Structure formats: structure tokens, C-alpha cells
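Undergrad: Summarising the annotation, TrEMBL assigns region 'Disordered' to 1-22. What TrEMBL lists as transmembrane segment is 77-103, 148-166, 178-197, 203-224, 236-260, 266-286, 353-374, 394-414, 435-456, 462-488, 509-529. Marked as domain 'Major facilitator superfamily (MFS) profile' by TrEMBL: 85-547.
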Amino acid sequence: MASNTNWPLQEEQAARKQTSTVGVSEFDDADSVLEKNETLVVGTTNLYENGQLRLIPQRQLIVVDPLNLPAWRKWTAIGCLCFFGALALSAEVVIGGLLPIFILEYSGVDPHVINTFDFKKASGGSGLNINPMSVVPAGVKPASLEEVSLLATMPLLANGIASYFLVPTSIWIGRRPLLLFAATSAWAGGLFAAFSTSLHQHLLARALMGLGAGAVEALIPLIVQDMVFIHQRNKAMSAVVSSQGIIIIGLGVAAPWVSANYTWRWMYYITSGLGILAWALLIAFLPETRWTRSQAELSGQKVFPIAPGQNRPELDFATFTPRTTYTNIGLFQNGFEFKRAAKSMFDALRSTYFPAIIWAVLANSIMIVNNQAAQQITPFALLAQGWEFQWTDLTVLPFFLASALVYVFGGPVADKMSNAVTRWNGGSREPEHHLVNLVLPLVTGVAGCFIFGTAGERNFHWSVLLVGSFLIVFSFLMTMTILSVFIVESYPQWAGYVMISAAASAIKSILPPILVNLVIFFLGFDYWLTRKYGKSNTMVNDVIPTS
């Protein structure tokens, strides 16, 4: 990170022990800053000392410090976060493949007729010529394609708006109560959708589910960084992301078959039931992780004495009480920080113009758009090749394979790569050391777009289409994992990483729904031009293959 002594989020000199609060110093007098003997550059830490790995942040002597949790408690809590995060994401991915069912449902047609509809005949065997509305029988007024497609993108929009409020609220009341509220919103929204009687009610329910899903990108990275040291964050975040594949393939395989042969409402019953289970696991195994640390502790300074040969200070069991049932499962146990939370909402807006954050948000937005568009277009492309709708569930197989590889390349491999770059730079850790791990996802993302688009346009074998989908999903999940760690480490103090995570989540979640809906709209508009005028919209044909 560049060292600018006038940087607004810099703290005072690192050699001096800070107070127990993590504040932000606004230096108005430049001369006073230049007089400091040593200035801590935000995001820079010395990860290695004399060839030995250091544990950063430095844990406190208090037993209830989240960094002092036993390893099994940490990974059990992370496992519960994985389960909840996978359910929240699956609601976005799986429902996107059921758009033909919802078109029939909200056009007043029995969705079961989809089992007898010949998509290949209607499209001439071309994925570019398929009309999503052709499934509606003649003489029936179809539902609005734009409104129905919002069922897939509405959670993203709600996700982005919610993220702006979730992170500051977690500063105010704590991580645990807010995550439990988000989990409640997720399963309650699912039940609301299952019992909805109109498209508008369904959209409202999807927005409520998006509020719960907002915790995946806004809160889970913060909770993970609260519990693990910086050299373990890639592994922990990759576990959260890659575990999503197991849930998604299970629900994804079942969704088209259940919806075509029974009712789509069963998918909401199933996800809500599992959501209640995830909610109960979070209550039982996820402790409060919000913890106030000084700037020196966040940067790994030796605030507390460390015995020779050790890499962490010994816990003070004589002075501080051990963990209790209340500290394990209680709510609001670390007080309220309303003033800091209110200030953080302003700082969230201020942080959006940081160059590194702008780049990270744009990169993540591109990957989200690619993934969402591919997930919605793939079922139609396969239907045009003669697939029965109930078997389009196999489109989730690339997601499962990509998730497994993300755990490897986004976890242990990414940690080793980042740590190797740190050693090559003399042991001084910079957030940019994680960016080497973005080379692979960026390359696979670009390649996946070309393969996916070409396969759909030229009617290549369906396996080629799924290969392109796999590369897009792998790129999306890897980028999300690496950038989450990069953003957290770029501004490790609360007025940095918390606000940036909120701002980044809001922007990257609000833009993609708009762009994805434009892609889907142009897909239908292109078909209309072809039928009416006998020629296709060249611009749209150029857009769709790279989606």
C-alpha cells in the first residue's frame, strides 16, 4: 500500500500502545504528522520475523477474545456459516433456472405443460432463436418477461441495499444478533414465497430472502476475520464459498424435476426447512465475534509479552474469567456502539472512491453479471437442443465442480501463494500480495465467456456449453473469495474494512441486477426482431456470447 502520511484512515505511530478502542485519526496538521518517528501504513504487516510465521492480529490476554477460541470451536462456527451461506446463495442460483415455470405460472397456465412442450421445434434447434415466452400457449396473455426475470435478480438488489445497513448495524449491536436476524429473514422469506398468491407477493418474498442473503457477502467475511489470523483467511473464506456447491447441486438437481412434476412451492418448503436448521445451528455454535482491538494489535505489534519460542501471548486465566454459556450464546454482550455505527454509514460512502475498492467492486460486479446471466440463459440453450426441462437440473454440475476446485485454489494454494510473495518481499505483508491469486480466475472468466457464448451461438454440443459455464462459475467464486480477503486486509481497522465491505457489497450487488435484466431483455428483443423483420439485432448477438 502506498504510504501517504496524510492518509485519512491512518492511525498514530505503531510503536506506541493504543487505547482499547479502534479509532480513526484525522490529521489536519501535516507538520505534526511528519514529526512522528514511525507511522504505521494501513494494511501493512510484518508476517514473518526471523523466518517464523507471526500470528496477526495479536490476541489479547482475555479468554473470551474470539481469537482465543479453540480450533474446533472456530471451525465448527465457520462450518455453520458455510451451511447458512450455501442455503442463501442457492436460493439465488436455483430459482434462476426456473424462469420457464414462473412464466407459465404467472400467465395463468398449468406449469406441468412444460413437460410436453417441444423447445427444439419452437427454436429451430438454435439457442439464439429461442423465445422464453414461446412456452405460453397461443391465445393466452403472457406475463411480463421483465417482471418474471426479477425473481432471479431481486435478491441481488435487496442484498446490495441491505449490505449498506447490515455492516454498520453489526458495529452497533454486534455480529451475532444481526446474523440471526438475517437468517430469520431468509427462511421467513422462503415461507412467504411458498404461500404467495401473486407475482408481486413473490417478488416481495424474494426481496426478504435477499435481506438474509446479504449477510453472506456483508457479515460472513467480517465474522471470519474476527476469528482467524490473516494467514488463515483464504482457507476460511474458500471453505465458506466452496461449501456452497454441495447444497447447490442438491437443490439444483431437484428444482426442475420437482417443479415440472409437482410444484415449485416445494423448493421453498425445502429451503426454508433447511434454513430453520441453519438458524438453530448458528444459535448453538456461533459466538459473538465483534471485538475491539487497538491499531497496534491489528498490525501485529507486540502489545503483550511473548515468551521465547512462542508466537502468541499466554492467556491470563487468573485475571479474566473463562467462557460461560452467556459468552457462548448470549446476545448484546459487548455493549452498543451507536455513535461509531452512525459514523460508519458516512464513512462507507467516503470509502467508495478509494482506487483499490473501485477496482475490486468493478471486478466482482463483472463476475456476478457473467454468472447470473449464464445461469439464466443456460436452461434455455439446453432446451433448444432438445433437453426436457426436468433434466436441466444437470446445469448445476459445473457449480459443484467449480466449488470443489475453489476450496483448493482459493484456500491452501492461495494462502501459500500469498505467503510466498510475502517472504519474497522480506516478510512484510501487503494486501496486494493476494492479487497474484486473481490471475487464474480472470483468465478462466474471459475464456469461459467466449466458450459459453460461442457454444450457444453455434449450437455446439451441450458439454461445451457446460464447460464454458464451469469456467464462468469458477472465476466468479474465486474472485469473490480472493477479493473478500483483499478488501479486509487493505484497511484492517474498523473505519476501513467494515465500511469498505459495506460500500463494496452495496455497489456490486445493485449494478448486476440491472445489467443482467438488460441481457435477458435483449435476448427476448433479439428474437422479436428476428421474427418480425427476418434479421437479428447484431448488437445483441455480440452481447449474449460474452455474457
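Using N, Cα and C of the backbone, Cβ positions are placed for all residues, glycine too.
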Undergrad: Any contact between the transmembrane segment (77-103) and the transmembrane segment (462-488)? By contact I mean 3+ C-beta pairs closer than 8 Å, pairs at least 6 apart along the chain.
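TA: They do not touch: fewer than three Cβ pairs between the two stretches lie under 8 Å.
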Undergrad: Where else in the chain does the transmembrane segment (462-488) make close Cβ contacts, counting only residues six or more beyond its ends and a cut-off under 8 Å?
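TA: Result: 217, 221-222, 225, 233-234, 237-238, 241-242, 244, 356-357, 360, 363-364, 367-368, 370-371, 374-375, 378, 381-382, 385, 387, 394-395, 397-399, 401-403, 405-406, 409-411, 414, 431-432, 434-435, 437-438, 440-442, 444-445, 447-456, 497, 500-501, 504.
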Undergrad: Which range out of 148-166, 353-374, 394-414 gives the transmembrane segment (236-260) the most CB pairs under 8 Å?
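TA: Selected stretch: 394-414, with the most Cβ pairs under 8 Å.
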Undergrad: If I count Cβ-Cβ pairs under 8 A between the transmembrane segment (178-197) and each of 266-286, 353-374, 394-414, which range comes out on top?
TA: 266-286
Undergrad: What mean pLDDT does the predicted model reach across the domain 'Major facilitator superfamily (MFS) profile' (85-547)?
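TA: A mean pLDDT of 76 is what the predicted model shows over the domain 'Major facilitator superfamily (MFS) profile' (85-547).
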